[in-house]
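Here is the structure we will look at.
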Amino acid sequence: MAHLLLQSVWLIPCYSLLGAALSALWFPGITRRTGPRPAGYVNAIMTFLSFVHAAIALTATWNQPARQILIPWLQVAGLDLTIPIEISSLTVGVIVVVTGLNLLAQIFAIGYMEMDWGWGRLYSLMAVFEAGMTALALCNSLFFSYIILEILTLGTYLIVGIWFNQSLVVTGARDAFLTKRIGDLFLLMGVIALLPITGTWNFSELAEWAKTAEVDQGVITLIGLALIAGPMGKCAQFPLHLWLDEAMEGPVPASILRNSVVVATGAWVLVKLEPVLSLSPVVLSTMMVIGSISAIGGSLIALAQIDIKRAFSYLVTAYMGIVFIAISAQQTEAALLIVLTHALSMALMMMSSGAVVWNSITQDVTQLGGLWARRPVSGLALVVATLGLIALPPFGSFWSMLKLADGLQESGHPWLVGVLLIVNALTAFGLTRVFSLVFGGKPKQMSERSPEVHWPMALPMIILSAFTLHLPLILQALSLLPDWASLNKDMALLLTWSSLFGCGLSAAIYLGNYIQKPVQFPIKALQDLVAYDFYTPKLYRNTVVLGVAIISQLTSWIDKYLVDGVVNLFGLATLFSGQSLKYSTSGQSQFYALTILIGVTVLGVFLCWSSLSHMVLVMTASLSHQQFLG
Amino acid sequence: MQLQYFLLLAAALFCIGIYGLITSRNAVRVLMSIEIMLNAVNLNLMAFSNYLDPQTIKGQIFTIFVITIAAAEAAVGLAIVLAIYRNRDTVDMEQFNLLKW
């Protein structure tokens with residue numbers, strides 16, 4: 001049974017696609033009477049089926065070697081585009097996580113989207129995301145990974161733009177699509193440039209090739225930079241990070257999925273490409289710098305946000321930055337572990353924020369407060385998510401961060417450990433700040449009557465809290481935790497202290513009464529700088545957007561006036577000549593007689609030209625002869 | 001007397017006829033100019049038949065035809081002029097420019 005399910009694990013993306021297709025039946029234009037709820041139920045059932053399938057397959061694949069399935073797609077002269085599918089415990093495990101989180105997000109959406117008629121679209125898009133991510137996990141080819149990433153980019157555009165009658169949603173969806181698309185296009189350049197060098201797009205064969213590759217440093221550096229540009233956009237890394245902030249305009253269930261797993265698709269491709277990227281030290285150091293900037297920048301910006309969803313979305317940028325650091329230090333195992341622990345905690349965090357927003361309407365943390373007594377489930381979920389995200393033993397992220405810090409120290413990047421500690425402290429500070437503002441203090445006007453959410457939202461929150469809490473046990477069962485003897489205790493203490501320091505300081509500031517709220521930073525400009533995301537929208541508008549706008553206006557002008565003008569000039573000249581030459585038809589028959597005469601004369605002169613000139617010659621000769629004689 | 005002088009005279013007469021044809025404002029004078037040109041042609045025909053073809057004198061037969069047709073043509077021409085005159089009360093050629101662009 002389990003073996004059969006393992007063999008057919010490639011069917012999992014098809015379940016979700018079937019669900020996506022079926023939800024179209026409940027679009028408001030098709031099912032006009034009975035409402036869109038069955039779309040949600042069908043998709044949840046499909047996701048549940050995939051989850052069960054993957055979970056059973058995972059038991060069968062445990063301690064088994066990875067196997068490949070080849071699905072022929074297209075074979076044209078000299079190019080063999082066969083889809084390689086890798087079935088290993090890692091890929092099936094990823095599918096379990098993705099389908100599990102999607103199942104919880106879909107159940108959450110049943111509660112959250114209760115007052116909405118757009119279930120058909122939302123659920124079909126969530127199913128498309130699930131299909132894309134499971135296919136990405138299975139697919140072992142850079143080319144097909146790129147295809148899936150592009151489809152997911154389109155999916156992001158559609159899912160952010162669900163409520164398209166809001167203007168901010170439209171601009172947010174636009175930015176999300178274009179920003180990710182730019183990254184993807186660079187990735188495409190890298191993908192295409194890689195083929196002539198390696199002759200393959202298969203990740204395993206790429207890794208084999210990279211072991212013995214001897215290529216020009218310049219070439220592989222450029223290709224590597226292009227290859228990281230795609231995941232940079234996907235993972236919302238600086239400077240392609242604005243889209244994630246604006247994507248928070250979409251519905252919360254979609255944000256749960258996006259913040260936990262969708263942004264990790266870029267990291268997944270990077271992990272797979274790590275052997276190729278490590279051929280060039282320039283690429284690795286670029287990734288290191290981008291990751292560090294994103295990690296510190298993201299966690300700093302998150303401190304100054306007053307929108308609860310945005311305060312969490314910048315942490316996604318920060319943690320994906322840490323994943324970048326991990327991959328650049330060739331700690332792929334630590335990177336995958338961070339992706340896993342971050343996914344669970346971040347999904348829980350988004351659920352908690354969604355639950356708060358659903359009943360308290362406002363997303364502004366300065367207008368919320370004092371929810372702890374009345375919202376125990378949401379509050380506990382946020383606490384658990386915080387514990388799971390920051391490096392605090394014995395929770396999940398502590399072990400992944402410890403593994404990374406260990407690896408960083410061993411591979412000779414001690415300053416990156418410093419970055420890790422700073423980011424951890426800042427994240428701890430930011431999360432405690434949000435918790436204190438929302439759940440601590442006195443109730444404010446918007447949160448005075450705030451009941452706990454109903455079961456479809458509470459249930460996935462509780463289940464995910466339990467998973468987050470049990471993650472260390474699961475990791476231990478999978479023997480992914482270091483044993484006590486080999487534990488780097490100094491590092492563990494440093495990480496723990498940084499978390500405690502961040503949490504403690506934040507709690508003291510926001511729960512204590514020593515500082516006046518809202519907190520004013522001594523330097524107002526600095527507070528504004530991080531609150532407005534380093535003015536990234538202005539930066540975009542004044543560089544890339546401005547440049548493209550000027551060039552497109554210029555080319556439009558050239559097209560309108562120069563190219564069109566030249567062609568129109570011919571038409572105008574013809575018109576003008578017709579208009580002016582018609583006056584040759586003067587209406588005077590005598591004038592016609594004159595033109596006939598002129599025509600005949602000219603023709604006669606032309607025909608007789610040779611004899612005429614000859615005659616002139618003879619006449620002049622005879623004249624001069626006569627003069628000579630005379 | 002030489003053939004060339006006849007031909008030159010005929011050519012001069014033809015040119016005078018053309019000048020009159022193009023410049024006259026009176027429609028009757030235009031017809032008269034056409035007659036001058038036809039007479040120049042007749043002079044040519046007569047000269048050629050005298051000097052080049054004195055036996056069969058085909059040119060003279062041609063000339064007779066030209067004179068008769070010229071008479072008929074002048075009759076039709078004057079009739080046209082009269083018809084126009086009846087409508088427009090003038091024979092000024094510069095007034096007959098209705099069929100322009």
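Just so you know, glycine gets a Cβ as well, placed from its N, Cα and C.
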Given the ranges A:207-229, A:414-436, which one is assigned the annotation transmembrane segment in TrEMBL?
A:414-436
Contacting positions for the transmembrane segment (A:185-203) when only residues 6+ beyond its ends and CB under 8 Å are counted:
84, 86, 140-144, 146, 149, 209, 213, 215, 219-220, 222-227, 229-231, 272-273, 276
May I ask for the residues of the chain that lie six or more residues beyond the transmembrane segment (A:122-148) and have a Cβ under 8 Å from a Cβ within it?
9-10, 12-17, 19-21, 23-24, 39-40, 42-43, 46-47, 50, 54, 68, 81, 83-87, 91, 94-95, 98-99, 102, 105-106, 109, 113, 116, 155, 158-159, 162, 184, 187-188, 191, 194, 201-204, 206, 230, 251, 253-254, 257, 261-262, 265, 268-269, 272-273
With Cβ distances under 8 Å as the criterion, find the stretch in A:39-62, A:279-304, A:379-402, A:491-511 that has the most pairs with the transmembrane segment (A:414-436).
A:491-511
Per the Cβ under 8 Å criterion, with at least 6 residues separating them from its ends, the transmembrane segment (A:279-304) contacts 210, 213, 215, 217, 220-221, 224-225, 227-228, 232, 236-238, 241, 270, 310-312, 314-330, 413, 416, 419-420, 422-423, 426-427, 429-430, 433, 527, 530-531, 533-534
Going along the chain, which residues at least six beyond the ends of the transmembrane segment (A:335-358) come within the CB cut-off of under 8 Å?
90, 97, 101, 104-105, 108, 111-112, 252-253, 255-257, 259-261, 264, 267-268, 270-271, 308-309, 312, 315-316, 319, 322-323, 326-327, 368, 371, 375, 377-379, 381-382, 384-386, 388-389, 396-397, 399-401, 403-404, 431, 438, 450, 453, 457-458, 460-461, 464-465, 467-468, 471, 475, 480
If you count every Cβ pair below 8 Å, which range out of A:311-329, A:491-511, A:591-612 shares the most with the transmembrane segment (A:379-402)?
A:491-511
I need to check the long-range neighbours of the transmembrane segment (A:491-511): which residues 6 or more away from its ends have a CB within less than 8 Å of a CB in the stretch?
386, 390-393, 398, 401-402, 405-406, 409, 417, 420-422, 424-433, 436-437, 440-441, 517, 519
